[in-house]
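As recorded in Swiss-Prot, the features of this protein are as follows:
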type     : residues                                                                          : note
ACT_SITE : D148                                                                              : active site, proton donor/acceptor
BINDING  : N7, E385                                                                          : Mg(2+) binding site
BINDING  : K14, H208, L209, G210, N211, G212, D283, F284, R285, G332, V333, G334, E335, N336 : ATP binding site
BINDING  : R91                                                                               : substrate binding site
SITE     : H180                                                                              : site 'Transition state stabilizer'
SITE     : R241                                                                              : site 'Transition state stabilizer'
Amino acid sequence: MKILVMNCGSSSLKYQLLDMENNKVLAKGLAERIGINDSLLTHQAEGKEKVKIQRDMKNHKEAIQLVLEVLVDKEIGVIKDMKEIDAVGHRVVHGGEYFTDSVLIDDEVIKKLEDCIDLAPLHNPANIEGIKACQQIMPGVPMVAVFDTAFHQTMPDYAYIYPIPYEYYEKHRIRRYGFHGTSHKYVSMRAAEILGRPIEELKIVTCHLGNGASITAVKNGKSIDTSMGFTPLEGLAMGTRSGSIDPSIVTFLMEKEGLTAHQVVDILNKKSGVYGISGISNDFRDIENAAFNEGNKRAMLALKVFAYIAKKTIGAYAAAMGGVDAIVFTAGVGENGPEMREFILEGLEFLGFTLDKEKNRVRGKEAIISTEDSRVKVMVIPTNEEYMIAKDTEKLVKGIK
């Protein structure tokens, strides 16, 4: 079975074509600047050079048409006919309380996704546009929605309810939802496989640390708490997001700086985090370079703040689960940042591990980076959200065939 996985952002489209018979990625790529001038498609077929194609893409439909064109192209394509695509798996950011698992898409599902637009105004409209465009271009091909929020729907009510008047939850569904669910689910399952133990008996803290960052407590295979909340702005300090701060800072800044609420939230989303503290960049590599090689104090402070909040969260989740068997690092910084991993883990040894500094040098590869005799295993597991989306899609489509 060949499955096309799509991840539509507001002006971008990431895709992978996977052959599920042998779990191979046949091709992958990225369409950028959709609806803006200078649109660009970067495409790479397995075993071939990367190809860059500049062509105007006014909307997601035109981008998807171009993607399908290159997939069947004689020179750079990997399939002879569009009909070889058995199903399409769509990443959807917010499924609200409607979806606890991936679903086959029909009109009813689309209606519910539209109901969730208020909860994810930046992401859901693009996700829906991508789904509708695919339905038009590929009628009859099964489509599946895989949600960032679904994995966290197993959280108990005391973990997701905010201590504000309960009527706001009833009226507006204000609660913790959590994100990066597909990634947390994949790395927790993979950790159990590597450890050779059933996930149903493990307590795992998964750390998805990239430009967006979140940590999840996975107990017996289920998410019981996660650091992102009603939106992806809560929790850890991130590339440009503040993470959790005192809410009254919003009104204080509005008064002192003459800003609207919308402007303050924009600052908290786009100008804060390690970028806000360092004043350099939202890229951890730039900040680490400034901190370690140039002695930049604010860059070092940004790294320390990021590591400190992550450290506290790992400790809190070990407490919430009544212990921990494994701590897993994934995503850009988690997979490729030995220094940051060491920063975060320093002082957490009381949980039952010793970091092996030699093994911790690993970048972008699966590894156990704690010492052999550590009771708690510390692991690096590169995330593979596309594979997870394809797996869920395959499972649902096989169910209807």
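The backbone N, Cα and C atoms fix where each Cβ goes, and this holds for glycine too.
Shown here: features listed in Swiss-Prot, placed on the structure.
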residue : record                             : contacts (Cβ under 8 Å, 6+ apart)
N7      : Mg(2+) binding site                : L13, K14, Y15, H90, R91, E385, E386
H180    : site 'Transition state stabilizer' : D148, H208, G212, S214, T216, T226, M228, A331
L209    : ATP binding site                   : L236, A310, F329, T330, A331, G332, V333, G334, G337, M340
N211    : ATP binding site                   : M238, G239, T240, N282, D283, G332
R241    : site 'Transition state stabilizer' : G212, P232, L233, L268, N269, K270, S272, G273
R285    : ATP binding site                   : none
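Fewest other C-beta atoms within 10 Å: among the recorded positions D148, D283, E335, E385, that description fits D283. Under the DSSP three-state reduction, R91 (substrate binding site) is assigned to strand.
Candidate binding-site residues: K14, R91. Fewest other C-beta atoms within 10 angstroms, K14. Of the residues the record lists as binding ATP, namely K14, H208, L209, G210, N211, G212, D283, F284, R285, G332, V333, G334, E335, N336, the two whose Cα atoms sit farthest apart are 23 Å from each other.
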